[in-house]
Each structure stands twice: as structure tokens, then as C-alpha cells.
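*Asks:* Below you will find the structure I want to go over with you.
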Amino acid sequence: MASNIALVLLSIFALSINAGPIESPQDSNIFLNDMRFVDSEDRSAIESERARWTNGIVPYYISTSFTSQERAVLEKGLQMISSSTCITFRPATTSDQQSYTYVSIVRGSKNSGCYSYVGRVKRGKQELNIEPDSYCMQPGPVAHEMLHAIGLHHEMSRPDRDDYIVILEENMQSGVISNWKKEPNSLTYGTKYDYMSIMHYGSRAGSKNGKPVMVNKERKEVRMGQLEKLSDSDIVKIKSMYKCN
Ligand SMILES: [Zn+2]
């Protein structure tokens, strides 16, 4: 019994070393530049049916470069989505690789961070990058990136965001403002703006001076973003997008 407990503790310890430091969405570089687009034409097609995964089934492939502990973290990230929505994940088959799109989870190089395409974009391999030994290697960031592939944008890119947040560009690092571009066509499915969406940046993301880059309409700093779970409105959006509510 005691040795079982020791073994469990040891494996948790090993996992936490392997997963790297746990960081909160308040850390300034989390999720900056984490979206990829094929070209401007595909960008406008993200809201269309053809950018959805048929029947909400996402075939995926995990690079063999990941260690088994890292693989377990990735699988946990996928479970965060499948346990609360109608999205299912299945390992890509040879025929997917020839005739359908699948998400290929790549073990990124140093400082590559994490990033994903938005929606289902093209035939064959669609890369989702996870840098090991970084904040990316936690279930929450893995879920965030996979939610981009499923079709979600960042919450603070919603067309109605100016009714809920004020962006303080004076506190922002140079060159990062494009991360706050509004997506005029992104669908909100009747949900209320959600500061606690897993797709919301932390209030100090991209800060150059430790001060917030986003505050609420009353110009107060409030908690924004989290990595623990899909919020209720994240779930509603996915269920609406995939017509399974
Ligand atoms: Zn993102």
C-alpha cells in the first residue's frame, strides 16, 4: 500500500517536472501569436460549414517525438473538450491521411510556443504545435489550441468586445497589437461576452511593463482568461457550432 502511494507520488512528481512550470494566463507571453491562417481567403471561410469537422469528429495524430508523460498531458487536454461537448477525437487512420484533414500535434522546437490553425483548413495534415518544457505543455493550453482547430477565435476578438473591454495599447509590447484584431464575422451564438472563457487572454498578456493591457469598461482590472476548463459559454458555442445542443 505504502509503496503504491509512493509510486503514485513519484509519477505525479515526474509529470510535473516534465510538464514544466505551471503558469497562469496572466503571464505576459501566453498565447501571443498562437493562431495560424493559410491565407486571407481561408480566414474569411472560418465561419463556414466547410471549416467544421464532420459530425464533430476530429482525427488526430500525436508525434512520436513526445515522451509518454507529455502524451498523457496532450490526451488530458483533448479530454477537457470531449468530456464537456459533443466533440470526439480519434486517432487518424491511413485513409484520413490521404483523403481527409487531421490534426497533427507537433513537438515544437525551443521558443516555438504553441499555435494552431483556426477551423478545419485543408486536406491532409493540419499542424498544432506544442513546445515541451513551456506553459504550452499543460492540458489547458492544449485544449485552447485544439479549440482553435475546432473553430473558436479568441474571446477578446468578438465583434462586440468594445462593449466589455478597454484595450490599453500604451502598456503593450510593440508588434503584438495584431493579436487584438477584431474578427467581425466570428459567431457568438447568443452567448454573453465571457471574461473567463478559456479562449480569453489574460489581462496582462503582451504587457511591456507589468500593467494590464485589458481592463473592463469601468477601467478596472478584472480576472480574464483561465486554463482550468471550458467555460459554460465556450461549451454553448461549440454545441451550437456543431448543432448538438
Ligand atoms: Zn489562442
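A Cβ is built for glycine as well, from the same backbone N, Cα and C atoms used for every other residue.
In case it's useful when we look at the structure, here is the feature table from TrEMBL:
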type     : residues               : note
SIGNAL   : 1-19                   : signal peptide
DOMAIN   : 44-245                 : domain 'Peptidase M12A'
DISULFID : Cys114-Cys136          : disulfide bond
BINDING  : His144, His148, His154 : Zn(2+) binding site
ACT_SITE : Glu145                 : active site
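Burial and contacts for the listed features, if you can.
*Replies:* Within 10 Å of the C-beta of Cys136 (disulfide bond) there are 27 other C-beta atoms, taking all protein chains into account.
Spatially close to His144 (Zn(2+) binding site) yet at least six residues away along the chain are Phe31, Asp34, Cys114, Ile198, Met199, Leu227, judged by Cβ distances under 8 angstroms.
Its Cβ placed at the centre, Glu145 (active site) has 25 other Cβ atoms within 10 Å.
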*Asks:* I want to check the contact list for His154 (Zn(2+) binding site): same chain, sequence separation of six or more, C-beta distance under 8 angstroms. What comes out?
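*Replies:* Result: Phe31, Met35, Asn179, Met199, His200, Tyr201.
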*Asks:* Which number gives the other C-beta atoms within 10 angstroms of the C-beta of His148 (Zn(2+) binding site), all protein chains shown included?
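*Replies:* The answer is 23.
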*Asks:* I'd like the number of other C-beta atoms within 10 A of the C-beta of Cys114 (disulfide bond), please.
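*Replies:* The answer is 25 other Cβ atoms.
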